[in-house]
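**Student:** Please see the structure below; I have some questions.
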Amino acid sequence: MHDADARLTAWVLGTVQGVGFRWWVYSQAKELALAGSASNLVDGRVCVVAEGPKHLCEELLRRLSAHDHSGRPGRVDTVVERWSSPKGEVGFRTR
């Protein structure tokens, strides 16, 4: 059975700016072959948008949220997620 594509928007709160967090997200998304972006927000959060097979988006969310994820820079306190239909993102970029 083919996994349907999905769009994950995740707002990540913690010590996630100025520590290489967006570049880490980029590497995880590329490893999972997801499209989207990781952007710093003015309030200190990082917004992660990822599109691709839902199970791979769920894996990225698990990596973002995991308390024991070694190698992830910074500190993640909270991740708020929203799921929606994909909009046709191509490639993955940091902003």
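Cβ from N, Cα, C; glycine included.
In case it helps, Swiss-Prot gives these features for our protein:
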- Arg22: active site (ACT_SITE)
- Asn40: active site (ACT_SITE)
- 7-95: domain 'Acylphosphatase-like' (DOMAIN)
**Student:** Count the other Cβ atoms sitting within 10 Å of the Cβ of Asn40 (active site), across every protein chain shown.
**Tutor:** 16
**Student:** Counting across all protein chains present, how many other Cβ atoms fall within 10 Å of the Cβ of Arg22 (active site)?
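**Tutor:** Arg22 (active site) is surrounded by 24 other Cβ atoms within 10 Å.
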**Student:** Rounded to a whole angstrom, what is the C-alpha distance between Asn40 (active site) and Arg22 (active site)?
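**Tutor:** Taking the Cα atoms only, Asn40 (active site) lies 8 Å from Arg22 (active site).
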**Student:** Can you tell me whether DSSP puts Arg22 (active site) in helix, strand or coil?
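**Tutor:** The residue in question, Arg22 (active site), is helix (DSSP, three-state).
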**Student:** Across the domain 'Acylphosphatase-like' (7-95), what is the average pLDDT of the model, as a whole number?
**Tutor:** 96
